[in-house]
Amino acid sequence: MNYTSFILAFQLCAILGSSTYYCQAAFFKEIENLKEYFNASNPDVGDGGPLFLDILKNWKEDSDKKIIQSQIVSFYFKLFENLKDNQVIQKSMDTIKEDLFVKFFNSSTSKLEDFQKLIQIPVNDLKVQRKAISELIKVMNDLSPKANLRKRKRSQNPFRGRRALQ
């Protein structure tokens, strides 16, 4: 690597690092704004123990943890939806929703849209209940491990073991 390439690579790393730091700083600032607005630093908030943290600790596998995280993210989206008309904290909520979008949905708009469709489905609607029950078998089959997947088989060479004996 020549000197010019090294300088360009260094500048790129510095820019990316500082922008990441700036984004994280803005994210934490907006969380602090929400904490202040909701008076979430008050000692009585801890009464009854944590809301999500103990549950998250119980799940170690990444795939299992994703299930719990999806429920928690769903909660936050519902919370932000209920507060969407509050102009005092709108910027903070938008910043945090954007960070959730990047971290949880890998910046995939289609994943976010599907997720939002799911959390908007009304559970008390009879038509929705009927459709859900109608689709239950397919959903359960989709959840089950795929037992009939073709597994790669080793070739059965009849001369394979004989060479080792000679």
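Glycine is treated like the rest: Cβ placed from N, Cα and C.
Swiss-Prot has this to say about the protein:
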type	residues	note
COMPBIAS	148-166	compositional bias 'Basic residues'
CARBOHYD	Asn39	N-linked glycosylation site
CARBOHYD	Asn106	N-linked glycosylation site
MOD_RES	Gln24	pyrrolidone carboxylic acid
REGION	147-166	region 'Disordered'
SIGNAL	1-23	signal peptide
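Locations of recorded Swiss-Prot features on the structure.
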residue : record                      : Cβ neighbours (10 Å)
Gln24   : pyrrolidone carboxylic acid : 11
Asn39   : N-linked glycosylation site : 9
Asn106  : N-linked glycosylation site : 9
Asn106 (N-linked glycosylation site) to Asn39 (N-linked glycosylation site) - Cα separation in whole Å: 31
Local backbone state of Gln24 (pyrrolidone carboxylic acid), from DSSP in three classes: helix
Rounded inter-Cα distance in Å - Asn39 (N-linked glycosylation site), the residue listed as 'pyrrolidone carboxylic acid': 22
